[in-house]
Amino acid sequence: MDHSLGWQGNSVPEDGTEAGIKHFLEDSSDDAELSKFVKDFPGSEPYHSAESKTRVARPQILEPRPQSPDLCDDDVEFRGSLWPQPSDSQQYFSAPAPLSPSSRPRSPWGKLDPYDSSEDDKEYVGFATLPNQVHRKSVKKGFDFTLMVAGESGLGKSTLVNSLFLTDLYRDRKLLGAEERIMQTVEITKHAVDIEEKGVRLRLTIVDTPGFGDAVNNTECWKPVAEYIDQQFEQYFRDESGLNRKNIQDNRVHCCLYFISPFGHGLRPLDVEFMKALHQRVNIVPILAKADTLTPPEVDRKKCKIREEIEHFGIKIYQFPDCDSDEDEDFKLQDQALKESIPFAVIGSNTVVEARGRRVRGRLYPWGIVEVENPGHCDFVKLRTMLVRTHMQDLKDVTRETHYENYRAQCIQSMTRLVVKERNRNKLTRESGTDFPIPAVPPGTDPETEKLIREKDEELRRMQEMLHKIQRQMKETH
């Protein structure tokens, strides 16, 4: 028996049977993939070779195993000791270690399986895909943005808007004559257009204010603008408070570009009154129009003067949010450059001219060419970056969280006061014992009118009490 089992301690030469088994393993898809994976894994060669030789040699045992009921037989013990002992490398590498998620081979069905990922299934929940879900839903729904432009005529408001969004919003506009301009009052006009860029849809609404500042007497010419902003807040408040709130259209004004004339030494009284009347209702971004009529030193002095007067009169223009601590340095430098550029000195042009072999949008003068998108000539690129690329969502957030919430709080407070007054009147009516309700005070009355109404209410109450006393006396006498 010892002689028959002596082959187990020696290496088995590679014969035809082993070659056939290897060929069979190579043809089998699952075993071939497993064999190749174990063979390629670092440090697994001794295990692979020993295991392969053992699997090949064991079927060649010809002598039957003794049928002894005693499991502690010496032959059994001797035969068990003749099995090859594991080497040092096999003691530390009894089985391939599990792969990390990053080094795990991807399944060939990974592209078709939405749950297949490089993360470990036991450690990966899936809520990291929430930003992608929000992104898909937002892109599918589209975005709304309402921009108001205000300022006197001739400052390039329409041209700048067309240059910002590369579209013609004033295709059907008619220029008024001199007599019509004299009789013209401040109007509110809306231009809506759908813009799509790389699959993202934007519904842009431009609110224009023709006739603003064109009259000789411009007293309270800003009132129609303020009333329009309040009307949009009121309409949104009604829709939000209604039963069906699925398809609420947001027409609130998110930003107001106020154009300041380059002629003069700062802000005019009309500019101050307009911005003070609207700075609690809308995000105001001051614009220094027609910057090509000023030299670079004049532009710098004009900007400093306007910033000083804005601070002096307590005007609250749109404030850029502070950068987060984890923002990169390039973004922080860009944000600082935008803050220092207020008011933005801009130039608008829809004409394409040729400059140094390039076709650019700009204005051609006898002494040279002014390029609209050249940062050295104007702040058009900075304004577009702020308005469209970096702070459009923040403008909408400030409108919703600050300006609209202020209007909403005022509406709720006024409604609460009216309800309290009505309850007090009903209580007094029940105490007086009359079925005739006391007329309510109309909203918006002055203090003198309210005082007069209260006096009349007291007089009516005394007369009712006298009438009840007379009725009781008449009943007692009868």
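The backbone N, Cα and C atoms fix where each Cβ goes, glycine too.
Keep in mind the model is a prediction, meaning the values are calculated, not measured.
Taken straight from Swiss-Prot:
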- 151-158, Thr185, 290-298, Gly348, Arg363: GTP binding site (BINDING)
- 447-478: coiled coil (COILED)
- 84-93: compositional bias 'Polar residues' (COMPBIAS)
- 94-108: compositional bias 'Low complexity' (COMPBIAS)
- 141-414: domain 'Septin-type G' (DOMAIN)
- Ser28: phosphoserine (MOD_RES)
- Ser29: phosphoserine (MOD_RES)
- Ser68: phosphoserine (MOD_RES)
- Ser117: phosphoserine (MOD_RES)
- Ser118: phosphoserine (MOD_RES)
- Ser325: phosphoserine (MOD_RES)
- Ser432: phosphoserine (MOD_RES)
- Thr434: phosphothreonine (MOD_RES)
- 1-115: region 'Disordered' (REGION)
- 151-158: region 'G1 motif' (REGION)
- 208-211: region 'G3 motif' (REGION)
- 289-292: region 'G4 motif' (REGION)
- 428-449: region 'Disordered' (REGION)
Legend entry - Local confidence of the domain 'Septin-type G' (141-414) - pLDDT mean: 85
Inset, instruction - Let me know how many other Cβ atoms fall within 10 Å of the Cβ of Gly348 (GTP binding site). - result: 23
Inset, instruction - Any same-chain residues 6+ apart from Thr293 (GTP binding site) with CB under 8 Å of its CB? Would you list them in sequence order, or say none? - result: Pro262, Phe263
Inset, instruction - Using the structure shown, find which entry in Lys157, Lys290 (the binding-site residues) has the sparsest Cβ neighbourhood within 10 Å. - result: Lys290
Inset, instruction - Pop the Cα-Cα gap between Gly348 (GTP binding site) and Ser325 (phosphoserine) into the table, whole Å please. - result: 36
Inset, instruction - Measuring CB to CB from Gly151 (GTP binding site), give everything in the same chain under 8 Å that is also at least six residues away in sequence. - result: Lys157, Thr209, Phe212, Gly213, Tyr258, Phe259, Ile260, Ser261, Ile287, Ala289
Inset, instruction - Could you list the residues of the same chain, at least six apart in sequence, whose Cβ is under 8 A from the Cβ of Gly154 (GTP binding site)? - result: none
Inset, instruction - With an 8 Å cut-off on Cβ-Cβ distance and a minimum sequence separation of at least 6, pull the same-chain contacts of Pro296 (GTP binding site), or say none. - result: none
Inset, instruction - Determine the Cβ neighbour count for Ser325 (phosphoserine): the number of other Cβ atoms within 10 Å of its Cβ. - result: 6
